Ligand code: ADP
Ligand code: MG
């Protein structure tokens, strides 16, 4: 075939040989709960085997359970699955298996704003621990193999569908995983690209790795490229074996494939019952996939959900497949952190439009607010206006840093899920990088804004007060950003952008509740509630730093009477005469740690939920299905 011409069989020579990994599964059943109706069985007691060195394909009509089977085999989803999975004849140890397998999902998400080369370099830096030259050679080799050399300088946002798919594969090929799962790698590709893609996978398999991909209606030519085809219909196995042999198999059952007809198309049509109901007969003929398994005579104790999940701690360590064998290449925590911060900064820098937009926003709002409150800082008749100015500043630092997180992070979580699942880095390194990466822009823009409004509104020109003002504003911004992260780590973009601003309304209300009628008139319960709003601490901090112990303000001659020329009296009216600035700062820092810690915990649970979290999720799903809510 001319497509594979030019690529030598040994083109994956840069990589060390990996031990073969054979995967066998028995009696896999997967059920999902479905509201009041009970549950839905997606996989029905299927068995089968995927061998190393072969190109394995999972075929079947859409909705037959291909992705589900891949998810379970790859260990991406385990809840609700029962049965057993054997790796080289031993029960699968999920943690160990995850370290040697990579999963390329159907909707291939790639980090935006990087070139192909940069994306590869970041992945190589994270995954490979070798001299830079070697890394470059490896990348060049893989890019060549995947025919991506021509677009190595292209931004990942601009790649065509086929190139994106190939890049997704290239990124995972870097550290030469022994097991590769791919969900529909050819869907959405043209004929030429799918042929290239399958031939590439064939090469990888021939290199001694286990390649399992699900595929949707391959051409007759491609169908014969697969060494092993596993056909699944309505959650049951209807055929396993060499592709073209499916025709005699069907013929034995009394179904004749017309001449010059694509056997792959034909079997899918048979599965969809276009020629009558042969489903049961096919399932019986292959014993639901068990017929071809090598260890079919070995009775394997049925495992429950938990053992599928992992936890077989008694299995003896296989020296060849031990964790160190696959992990000694991984970079350390600090290095991961550094690479991720650099990647985030590069992406931020590349997104010039957005950066410019933010600069303009800070400047425009700064000038607007500065001019609205121009010269009010030292005017005895404008004390209440001045108070409004402080509150406006807080609202600015509450919303502006939160919104980008709400609108970007839910998408980022999807990427994080992939990369983290494929063991690119540790979550803690990612989270630390995320925390650090937003600080410089926020500090620079925040400083510009604060200086602008501070001078325009004629606040006291004392360095202490300015610094105290600045600190409160910055802290408020970072706390709000953390709150945004907390929300965005759990919700979709649409929901996050709705929930974020709505949730901040009570914070604002509680911060200034009772303003104007005197603090003493507020019921005790509400007074307590006010201290749950972080904006209250910010406001106290601002009022304290800006108004406390200042000289009596002058009342302009044009005014007959000024209520609040005595600022300490104003502070008393606000119920803030006893506040301690550093206590407010401490409270803000405490809330910051709480929000950040909470986001980290929730994100961790999102990636690999523990029992409590699963129970909560279950309750959530239950409520949703019973209240008819859709997400
Ligand atoms: P495909 O073969 O197209 O990849 P899938 O494995 O994605 O099919 O899904 C198989 C069937 O299971 C589909 O009918 C799908 O709607 C259903 N399904 C998958 N996941 C869930 C879920 N979490 N809840 C309910 N139904 C699901
Ligand atoms: Mg699918």
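Numbering starts at 1 and runs along the chain as it is shown here.
Placement of Cβ uses the backbone N, Cα and C atoms for every residue, glycine included.
Those TrEMBL annotations? Automatic predictions, nothing curated.
Look at TrEMBL and you will find 23-259 tagged as domain 'ABC transporter'. Under the heading transmembrane segment, TrEMBL lists 353-375, 387-406, 427-454, 466-486, 493-515, 580-603.
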Whether the transmembrane segment (493-515) meets the transmembrane segment (580-603): three or more C-beta pairs under 8 angstroms: no
Is it the case that the transmembrane segment (466-486) and the transmembrane segment (353-375) have 3 or more CB pairs under 8 Å, with pairs at least 6 apart in sequence? no
Counting only residues 6+ away from its ends, which parts of the chain sit with a Cβ under 8 Å from the transmembrane segment (387-406)? 358, 361-362, 365, 369, 372-373, 376-377, 438, 442, 446, 449-450, 453, 457, 473-474, 476-478, 480-481, 483-485, 487-488, 493, 496-497, 500-501, 504, 507-508, 511-512, 515, 535, 538-539, 542-543, 546, 570, 574
Using Cβ atoms and a strict cutoff of less than 8 Å, what residues sit near the transmembrane segment (580-603) while being 6 or more residues removed from its termini? 413, 416, 427-428, 431, 435, 468, 471-472, 475-476, 478-479, 482-483, 485-486, 489-490, 534, 537-538, 540-541, 544-545
Within-chain partners of the transmembrane segment (427-454) [C-beta distance under 8 Å, separation at least 6 from its ends]: 333, 336-337, 340-341, 344-345, 348, 355, 358-359, 362-363, 365-367, 369-370, 373, 389, 393, 396-397, 401, 416, 420, 466, 469-470, 473-474, 477-478, 481, 485, 596, 599-600, 603-604, 607
